[in-house]
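One structure below.
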């Protein structure tokens, strides 16, 4: 058997071979403006993919792997069609999607063999991941090589003085006059005015440091350095320091940094202002109802631009889903032959509904495994709606949620429970039927086939209201066994009169017997059960009736039984209603770890799932039970002959413990309902929750909706007649027979009549419903938890409803007349869902401020992802939390009205410098604006400030001195506040033009001297572009700007202070 380390070596060896293959290059068909055969090659030094003409080795095109978003197989069909090529084997084809805007560019390629295509698919994905994980010095190295190769026309791996003069403006740096460059060439010991890569790197180090050396080391101390690195021990600090040392000779066990190297660290992503722990997924936070989350949501997802003339595209859906969007919109209209999606009654282009559904199915869970909501705007007629429903079923299959997880629940399920599910949001209409009294059409005992054990088990069954209800498997205690159990229990223990057990009657459904220990002997009495007007009652004597068995037992434990010369109270319950021989117990595990137990329980999405496992200590056990979506563990230990649970309950054995709490509440409202076996994990989806008022009561195990089934009767499983009920929707089946063959046909005829009658009635109901609501039954039946409601009020709601309102109807803060409405919306959003969308006047696809909606707890605040504005950047910032899953748990005070808002804060910001600002096509003169969002009253200057303009330098500008003082912001709501850094340049008309931005939730900001990694307007990372800022936070609203000296001027840390050579 291959060990773990050997497997790792095999993997690394394969990675190396794939990497070498990509570096050698491969001839492929490349589809651009025209189809041509080129050599495709990876240049590792610059992390680029080159397209090279084979005849003259000329590079036709270079792609940065840094910009790769996805490499997708089988996506070249349209390109083949465009060039009229015949597709021999689609597995040889793949497409690279790359770019830094919403709509990505693509490059389609066709390899000569499947093996070559697989190597490129695997290799490019590995390189893409490596690029994302690369440390800043590695990124700088590849960036420098890209710069050199861009002007190295002779391919001599060097750069001349002339070439450098043309390159520096492209690097956003204005070359000083005089002999500046010549002197630098001398400093780096260049010969013949030519720099190799090592000399070019030294030149870059000098250039980047020269203008920023006034940032200095005055704030550096050993303790401050510890805080910056945030490492737990010195070894971790040494490892991180080693990464930033340029000279390999100084990479020792006792590393030291030069000032330039330390500044490189300060500007690096490793010193980011953002605390990465807030970007991690917290699984425990995903167990709340859906209504407790903000959900990343898109408006008009299909559009690539404005609402009037832009293109509709399936790639817009792919992009949104891969950006973590979990609620997408489909505007559906009648097409010539099938449904289409577009912005109705406009000049936007149309795409096929089935193509969109396929794209969603392929990419829905590529970024996040949590549920996706399809918000359908339905404009199709009934015929095409039926087509839509069938397309959804065909594409999504078991991913499509069509049944509630817990019919009796009074809250929405959690994201964890809905992993991998597609939820349909559309109007749901029903024709209300008059309420009828329950009619029992058939009852008796059936033998139901168990596909796991390959045998029939007996169950009590009732057909009522077109449903088949069946009980737990029956295992009867006969009179003799009951006497033996009571005798063994009471013998030698001075058994108390009144010790008892209750057993089911073997002959009659819902009839029981009670066996009593009295005066050293055992008496048996029948407990009668009857139903009147749908209400069941239990009694020993007809004069004293009880609504349940538990009520009867409880009464006679407190009052004397005066019946047939008895005169005693029940005492010492021996709980063995369903006796199970010990060798058949499935919930007990002799060798199961806590982690394995939790895994078993969490895979069954039902409270009340339980198991008992043996602990390592002798005579110690653990009861593990799922409660409120989490797993709780309780100690059981054996004391003499008793089993003690949580130092509160004593039982004669573990079976008694389980039997007791299957009828009695164990924790909160939870009983031991589902004994967890490995088979149950696979079978659980077949067991359906049933209403509490079902005809079998607490004994009911499951229910089958007969109206959704087909029925057949034939010989099977070595029985002459077996009835098969097959659910047409989920293809689950149940098979049963009877001990008396003649009775099988009776049950079959009852089922057949129900199905035939329901089919006749169903057609009439569908026609009536569709004519009144213009909604196809097939579409309406898919709606479970997101029923679109047109009401604009927030009273009298059901938790399964979704209110949809335009942004201009959301109450704004500060308007006293809307306070009451705001409170009602916040209360509604604790239980049900709200979708907020842009009002109809936003034809340019502009976005609205989502913060007022988020503050009211609105979950699905739908924005135009294709529009790169401030509000979309705020959305990207919020949903960077929790691992980019698209679900962010709302603050506790929003979920629970008894909780208070967190304390206010004050944050102090100072912008100091920048590096590698983006260069449009000229050298920029940048300034930085910092703002706290949202504004919560007061003047705009209280929430925003700007630095001065730095002329003609986007490579390494600095903002220090009295003209650029720090600024204090008061943060009223830290849970919903954002800090924005925006870099502008002034154009020729003195208008501000955005160059880069970075937006962060305040809750994840780190203090100290920090790097701000910058993004473009679409919130895509910019290579090496960053700000250096100082951040200080305190609770309360007092200003901390007066104490601007946060660190001393003395350095006690070992570092060079010379300019790096």
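Any Cβ shown, glycine's included, is placed from N, Cα and C.
Because TrEMBL annotations are produced automatically, they should be read as predictions rather than curated entries.
TrEMBL lists 1-129 with the feature domain 'PH'. If you look up TrEMBL, you'll see 469-559, 587-676 marked as domain 'SH2'. Annotated domain 'PI-PLC Y-box' per TrEMBL: 779-895, in sequence order. Summarising the annotation, TrEMBL assigns domain 'C2' to 885-1016.
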Per-state residue totals over the domain 'PH' (1-129) - DSSP helix, strand, coil
49 helix, 44 strand, 36 coil
Sort the residues of the domain 'C2' (885-1016) into helix, strand and coil with DSSP and give the three counts.
14 helix, 60 strand, 58 coil
DSSP helix/strand/coil residue counts for the domain 'SH2' (587-676)
19 helix, 37 strand, 34 coil
Averaged over the domain 'SH2' (469-559), the pLDDT of the predicted model comes to 75
